[in-house]
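Feature annotation from TrEMBL assigns domain 'SEP' to 1-61. The region 'Disordered' annotation in TrEMBL covers 59-113. The compositional bias 'Low complexity' feature in TrEMBL is assigned to 88-105. What TrEMBL lists as domain 'UBX' is 110-187.
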Amino acid sequence: LTFWRNGFSIGDGPLYNLEDPVNRQNLEAILQGRAPLDILNVRPGQRVEMKIAVRRGEDYVPSAPSPSAQPFVGQGRRLGGIGPTVDTPPASSTSASAASQTPASLTLDPSQPTVQVQIRMADGTRLVARANPSHTIGDLRSFVLSQSPAAAQRPFAFKAIRPPAVLSDDSLTIDAAGIANAAIAQYFI
């Protein structure tokens with residue numbers, strides 16, 4: 001509660017002019033230890049701690065409104081050495097419709113369990129490969145090349161994200177690499 005030359009205010013709220021009889025009654029209630037429910041936003045019987053500031057030598061000046069929140073308009077940057085991003089030319093309408101479809105999975109063996117491997121591409125896109133644990137890193141490389149022909153323009157490798165490890169052996173199985181139902185990242189060599 002702050003007393004001003006021209007009235008009183010509560011917190012950063014508006015000025016309550018004492019010339020208004022309702023504001024005068026609310027101030028008297030506060031001074032008698034009762035909390036007016038309409039201006040203090042409390043429940044009946046709720047205890048209220050009030051600090052008093054006396055600034056009777058000053059006129060009330062409304063506090064400046066806080067700037068409204070603005071949405072982020074910058075660019076995101078990936079940290080952690082996964083690899084540089086690649087600017088790709090805008091996709092044509094036929095490739096855009098193909099990209100919106102779910103990527104085809106590898107040839108699955110129905111007698112084996114099925115796992116997923118999320119592949120975070122160097123250009124920021126993501127592919128999800130449905131595979132068997134016996135599929136290899138080389139099979140994932142072929143999958144990436146079939147889904148993203150632009151990936152063939154530069155040599156690349158994969159990195160396991162957790163725990164971080166370079167997956168350079170194309171004969172290593174998904175199970176042996178420990179990337180079943182996990183994410184890996186493509187990076188350019």
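Each Cβ is built from the backbone N, Cα and C atoms, and glycine gets one as well.
Unlike curated records, TrEMBL annotations are generated automatically.
Helix, strand and coil residue tallies for the domain 'UBX' (110-187), in that order: 20 helix, 28 strand, 30 coil [DSSP]. Applying DSSP to the domain 'SEP' (1-61) sorts its residues as follows: 15 helix, 11 strand, 35 coil.
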